[in-house]
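TrEMBL annotations:
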| type | residues | note |
| --- | --- | --- |
| DOMAIN | 58-159 | domain 'Copper amine oxidase N3-terminal' |
| DOMAIN | 184-582 | domain 'Copper amine oxidase catalytic' |
| ACT_SITE | Asp261 | active site, proton acceptor |
| MOD_RES | Tyr345 | 2',4',5'-topaquinone |
| ACT_SITE | Tyr345 | active site, schiff-base intermediate with substrate |
Amino acid sequence: MSLLAQIKQKVGAEADTSKPARRAEVVAIAKDGGVWDGIVDIDAGKIIKWEKLDGVQPLITMEDLIETDKFVRHDPKVIEQCGILGIPPSDMHKVYADPWTIGYDERFGNKQRLQQALMYYRPNPDDCQYAFPLDFCPIVNTETKEVIHIDIPDVRRPLNKIPSNYNPKDIEADGGFRKDIKPLHVVQPQGVSFSLEGRELSWQNFKFHIGFNYKEGIVLNNITYNDKGNERPIFWRLSLVEMVVPYGNPDMWHFRKHAFDLGEYGGGYMTNSLALGCDCLGEIHYLDANFVNRAGDPVTVKNAICIHEEDAGILFKHTDFRDNSVIVTRGRKLIISHIFTAANYEYCVYWIFHQDGTIQLEIKLTGILNTYAMAPDEDTKGWGTQVHPGDPQIDGHNNTIFQVDAALGDGEVGSAQNRHGNAFYANKTKYSTVAEGVADYNGDTSRTWDIANTNKLHPVSGKPVSYKLVSREVPKLLIKPGGLVHKRAGFARHAVHVTKYQDDQIFPAGRHVPQSSGDPSLGLPEWIESTATESIDNQDIVLWHTFGLVHFPAPEDFPVMPAEPMSLLLRPRHFFLRNPVLDVPPSSSIVPTAVGSANSDGVVKAADGMSKLAFEAESINGNGCCKA
């Protein structure tokens, strides 16, 4: 159950407009396994919608996962398989399961709510169980708590005997930690530069609402920018709505490993309670997350959302070598983040706001590799690695998407149009219909996409006000057409889709993802097909963007993986009259008339007064950007 998203047309309406009804979406599972979708009017205390669904399963809750981990080790068939691998019945308390949804397996269909239990062994309480994978995989019925089948390989894999741990006592025993790291403190003696009124945050001309739900995690709404007194709408809604993580091994049951971590489990459900000074550093403000569990009881995750500022390096700088005048301004960024744990993996989600109007989404992947047991002398064939012995509203609701490609000039070298062969330009292609708004990334042309309001032109450039989507981590979905993941993750086949806004179109893999077969592909593919000829030119539109990375594991990723970031940018183009951060106080500024002055130390009063040389013995003639 979660609150229904606010109706877009109600936000920003006249003051005398009635408030939208407070409604909640409800998913119910009957004792016979039937699934029901409903909408409840909380204020009126009545049911608005109640619909029985066929051929779908709702997401797996944390309670489901925890219960499976507990009961699967007591099943006689599981105990028997552990015995074959040398684990006695008395050690079954050392056996653990990472329950996943089954993805889709045609042997079982989607009439039962199923999980697959990836099995591991932990010889000692502090051992990392992912170093001890077991070679069989039980299939369990979530509702009846029964093991209905066990997948067993034709060639059995022996149980590993060598631990690979990352806890402090093992690191200390293996040589200890580095001794040459000095403390690094983030100090804001006058406090933070953001303010909160309820869940509405204001910072450096930005204003937006911070929401959170069990599926998407952080949801940012009604993002505006105060441009010298004019509060301009930028985005109505920004959130991470779905992801798919397919594994590249076609052998055994690995084809079922293609987790839709948001649609099948819920990024909010799996969110961490964050720790001061560890997950976030500096002057921190936390927000709690509230949702309901499987039974409908309220759950609160304390400190689920972290809000803090960081230094962002140089915001802008220029030195004039004629007279040695210089100006340099340091920037800062605001970060709204949460971290969720999906079994072995951690996803660190950072929504980053910059003073120049840029909005950045960065995701760091860390945690532990998903391991499986190898057979003696097994050839992984390249499939594996042996690691151990939104929705825009740019200055208004109606927008247009332009594909922007860097293109060479048409004229040949030596011609009047391109005498030296160096001509190139931004080739812009307008998406006019939903069908045209399906596109892929092209690194050869440094492809970006402009989200433009063609009704408003920049007074100087004469071009439409816009925000540019910059995203270069856009690999192809490495699944052949017709394959299971290709059918189920239809949203991931292309980098960009553009649709007309609909209040109920949020989840691109469909509302209920677990055990969907992909016949037909739910969500975005069906929306595209049903509206292919509709105009998206100067309309209230949604830009869907799929990005990601391809990960080939290496020994350096085990027993715990270093964080690997990926990000995208939403940057203003022809939006502001000029550089919007010229009014940020400089960290250092020497005007031409002060160059060489005996009274000038090159430090403006806005300097932080805390920074100093990293090495005391070094000298820069007593002058610097900031003096201690």
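All positions are counted from 1 along the displayed chain.
Any Cβ shown, glycine's included, is placed from N, Cα and C.
Predicted automatically and left uncurated, TrEMBL annotations should be read as such.
Note that the coordinates shown come from a computational prediction; the quantities given were computed from them, not determined experimentally.
Across the domain 'Copper amine oxidase N3-terminal' (58-159), DSSP assigns 31 helix, 27 strand, 44 coil. Across the structure, Tyr345 (2',4',5'-topaquinone) and Asp261 (active site, proton acceptor) are spaced 10 Å apart at their Cα atoms. Taking a C-beta cut-off of under 8 angstroms and a sequence separation of 6 or more, Asp261 (active site, proton acceptor) has the following same-chain neighbours: Met243, Val245, Gly267, Met270, Phe340, Ala342, Tyr345, Tyr347. Per-residue confidence over the domain 'Copper amine oxidase N3-terminal' (58-159) averages 95 (mean pLDDT, predicted model).
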